[in-house]
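Features reported for this protein in TrEMBL:
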- 7-27: transmembrane segment (TRANSMEM)
- Phe116, Ala117, Val118, Tyr121, Asp206, Ile207, Asp208: UDP-N-acetyl-alpha-D-galactosamine binding site (BINDING)
- Asp206, Asp208: Mn(2+) binding site (BINDING)
- Glu299: active site, nucleophile (ACT_SITE)
Amino acid sequence: MWRNISRIHILVSVACLIFLGAIYIFGNNESLYRSFEQRLRIPLSLCPDSGDAWRIRDLKMQTGLKYAQPSTLKGRTDVNAVTNWNAPLVWEGTFDPVVIDAIYKKMDPRVAVLVFAVGKYTRFLKGFLESAEKYFLVDFRVTYYIFTDNEKEVPKIKLGRGRNIAVVPIPGVNRWQEVVLGRMKWATITIDNQIRKETDYLYMMDIDSVFHNRFGAESLSRLSAVLHRGYYKNTLRGGFPYERRPASKAFIPADEGDYYYTAAVWGGYLEDMYKLVRYCYKQSEEDAKNKIEAIWQEESHLNKYLLYNKPTKVLSPEYLWSDYDGIPEDIQVVRISQLIKNYAEVRPNGGH
C-alpha cells in the first residue's frame, strides 16, 4: 500500500499540514498576526524602532462638519503654493483651519518642542511659552523640552490640558556658536535616551521668539522646513548663504539649491527628525576634526541635508518672521516672530 503512494502525494500532505499549522498559529495569536501584517505593510527602514510609530494616515473627519466649500478656481495668486517636487508650500489662504483641525485632532499625535535657553536666554522662556499656549497646536498634546543650564530660571506657566514641560539640564558655554552646534548634540542624545519613548512628532525652535497667530496642524508632515524670510523672494541660488567652502561637510556648489531654510523652526516625524538632527551633529563633528566650522553652523548642514532629502512640506516665512523687518503684502499673517534683542548683551561672547 505505501509503495502505491507517490512522492507528490507526500509533498501535498506535508504542505497542507504546514498551511493548517500556520492558520492555527496566526488565528490564535492576534498580536503575532498584527505584527506580521505591519511588517508587510511598513518598510522597516521607515520605522527602525517600532512598527507602531505614529504616521499621518487616512485624512478622515467627522460627519456634519460645517466649513467653506473649496474652490478649484480661487485662491492665492500672489505666491507659489507648491514646490517643483510637488510638496505643499503653505501660506495663509491655502488651507482651511476647520478642516485641518478636524482631521489631525483625530490622529492625536504626541508633539515635542525642543528649545534651548542657555545663559541669559532664559529671559525669553516666559514669552515663548505663554504665547505658545495661546497659539501653538491648541488642544493637541504638547511637551516643551527645555534644555538649560539654569533650571531655577524656568518660569511656572499655566498649561492647557495635555500640555507639559520637561527640563533637560545641560552645561553652559563660552561661545554662542557652541550653543547652536550643541543643540544637535544634546537633541540627539536626549531623543535616544528619553524623547523617543514619549513623542511622535518633533519641532526644533528658537526660544527668542513669540507666537502671534495660529501655528497649527497645517504645519505637520513627515519633514517640514521653513523658508528663511531674508531669501524667499528674488534671491538666486548663487546668492543663498550656503556654505561655499569645499572643505566643509556643509558645502553646496554655487549652481545648486532650491530654497534657503531657517534653522530656527523645523519639524517632522520623530524618526525623520532624528535622522536630520543626528546628521547635523555628525557633520559638525567631522568639520571640527578638520578644524573648520560651517558659516551658519547647523543651519548650513540643515540646508545641505534638505537639498538632497527634500522636505515633504515647505512652510512660508509666516512660520518664522522677525521683529527687525517690516511685513510685506505677501505675508498676510505672522505666526511666530523673532524678538529684537541686544546680541552683544545676551550672547556669552558678545555676539561675535
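Cβ coordinates come from backbone N, Cα and C, glycine included.
Of the recorded residues, Tyr121 (UDP-N-acetyl-alpha-D-galactosamine binding site) and the residue listed as 'active site, nucleophile' place their C-alpha atoms 19 Å from one another. Listed in sequence order, the residues Val115, Thr122, Phe124, Leu125, Val179 complete the 8 Å Cβ shell around the UDP-N-acetyl-alpha-D-galactosamine site centroid, once Phe116, Ala117, Val118, Tyr121, Asp206, Ile207, Asp208 themselves are left out. Residue pair Ala117 (UDP-N-acetyl-alpha-D-galactosamine binding site) / the residue listed as 'active site, nucleophile' shows a Cα separation of 18 Å. A simple way to gauge crowding: the CB of Tyr121 (UDP-N-acetyl-alpha-D-galactosamine binding site) has 23 other CB atoms within 10 angstroms, across all the protein chains here. Across the structure, Ile207 (UDP-N-acetyl-alpha-D-galactosamine binding site) and Glu299 (active site, nucleophile) are spaced 16 Å apart at their Cα atoms.
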